[in-house]
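As recorded in TrEMBL:
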DOMAIN    B:66-277  domain 'ABC transmembrane type-1'
TRANSMEM  B:12-36  transmembrane segment
TRANSMEM  B:70-89  transmembrane segment
TRANSMEM  B:95-116  transmembrane segment
TRANSMEM  B:151-175  transmembrane segment
TRANSMEM  B:196-218  transmembrane segment
TRANSMEM  B:259-280  transmembrane segment
Amino acid sequence: MTARRASIGSAVVMTLYLMFLLVPIYWLVNMSLKTNAEITGTFSLYPLNPTLNNYRVILTDPSWYMGYVNSLIYVVMNTALSLAVALPAAYAFSRYRFLGDKHLFFWLLTNRMAPPAVFALPFFQLYSAVGLFDTHIAVALAHCLFNVPLAVWILEGFMSGVPREIDETAYIDGYSFPRFFTRIFMPLIASGIGVAAFFCFMFSWVELLLSRTLTSVNAKPIAATMTRTVSASGLDWGVLAAAGVLTILPGALVIWFVRNYIAKGFALGRV
Amino acid sequence: MDKPVNNRAWFLVLPVLVLVAFSAVIPLMTVVNYSVQDTFGNNQFFWNGLGWFQEVLESDRIHAALGRQLLFSAIILAIEIPLGIFIALNMPKRGFWASLVLVLMALPLLIPWNVVGTIWQVFGRVDIGLLGHTLAALGIDYNYVNDPFDAWATIIVMDVWHWTSLVALLCYAGLQSIPDAYYQAARIDQASRWGVFRFIELPKMQGVLLIAVLLRFMDSFMIYTEPFVVTGGGPGNATTFLSIDLVKMAIGQFDLGPAAAFSLIYFLVILLISWVFYTVMTAQKDTP
């Protein structure tokens, strides 16, 4: 009897909490389906005359949709780059002890923890000096600051779950290291690679300060495009809301696949 | 944990080292360089010793920003940690609903930070936002643009909305690792609900909770985008936190010297907390 009451209590708590989480998002979706006249003129809990016009504006105007393209380009570049360098390093950390390993592992962590605000100005100057300012690769490299450590830590967490006997058996069977790594080891930690990729993608996608500082026109991310619109006109609420909804979609679409590893990813592979 | 010693493993780490050196060490050296020099433009620099550090350490404006930052982080932890634990205890344990709840809860974590700011900026507006409109209809004088208290309340509720799920997800992962036998033993001993929480669940969550506290502290300590979008640091300086102040100084006013000194002090604080974090994380791994 008490168990039954407890589960009803849980259901109520969870319903309230999820409502708290979802209502602000719903409000954004709601606004994105209204015209500006309806947003400012009448107050309604749902769109009275639903319109997809705001989305049409974004998807037909290059200065809007190129923001998404730019963001996607540097995010994908960053994810590929981060994983490519993090995989061997994570393997080294999980399998061997070597001179300075602990210090190095700690130093990586400090980069994940470093405030982007500290790096904004030096990045700006560094990438201007080497002629990379306003390119996608500049943002991709800058985001490596926090994504490479993240990927190394997550992958190390997953790799440590694979027994070392597997490596040893493979070496005895005559596998070379590269062949063992790509043919046997990587399939074993496929879910770990997926999770690391997801988190690199995500943290690069949600970041604004560095990507805004390092770009002006050619590589301007969608996040920066949005802030410009807010300050300039402060009027086009519908389009702004639609742009916001479109930035939520990528994460929302793939999250189902990593749902069981979300906690592990956010805790840098340590749960 | 007896891994073989092999210094050739360095070759595997080398790519990371090169990449992170380029994206972390070189910029940091620039900062060190600026922090001890003064310039009158034209790329002419003069040795300034520790002058900037002294200026930053004595600046009332930065003291105020630090005070606000600490207060903010303290409030965030005081709300999000207990709330996160509470939510985790109420999450469904398995099945389709567990998955669905998990996904819905993670949703705010995946939204770009400036969009989080935009959502709450709109949501709180009295004319077009549901929250602002409702509060106004209830006769509450709510205006986050002019009133410092309302601005703080908005930013704190926003952060709770944004990050409580992280705490809850970590605690949930901790709870999942408790074997059923523990609960059965508790039932045989006729332990109360509180007893189960205090002597079984809380000790088992200790590890993840430490991670949650440290992550939330670090991330709230360097919060920039969300308050910047919602309030821009205002009204006045009421919500100007450390990162907002730093960016204003470095990129807005181009005060290279003081900004660099500020950055280094900021970074040292972070380094200290990271060390605590690292000790906690690795200690945990060695005693599973």
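The backbone N, Cα and C atoms fix where each Cβ goes, glycine too.
Just so you know, TrEMBL annotations never went through curation; they're auto-generated.
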(request) Examine the transmembrane segment (B:70-89) against the transmembrane segment (B:196-218) and state whether at least 3 Cβ pairs sit under 8 A, considering only residue pairs 6 or more apart. (result) yes
(request) Using a Cβ-Cβ cut-off of under 8 Å, list the residues of the same chain that are 6+ residues beyond the ends of the transmembrane segment (B:259-280) and lie near it. (result) 28, 30-35, 52-53, 55-57, 62, 210-211, 214, 217-218, 221-222, 242, 245-246, 249-250
(message) Give the nonlocal contacts of the transmembrane segment (B:95-116) in its own chain as ranges (CB under 8 Å, at least six residues past its ends).
(response) 87, 158, 161-163, 165-166, 168-169, 172, 225-226, 229
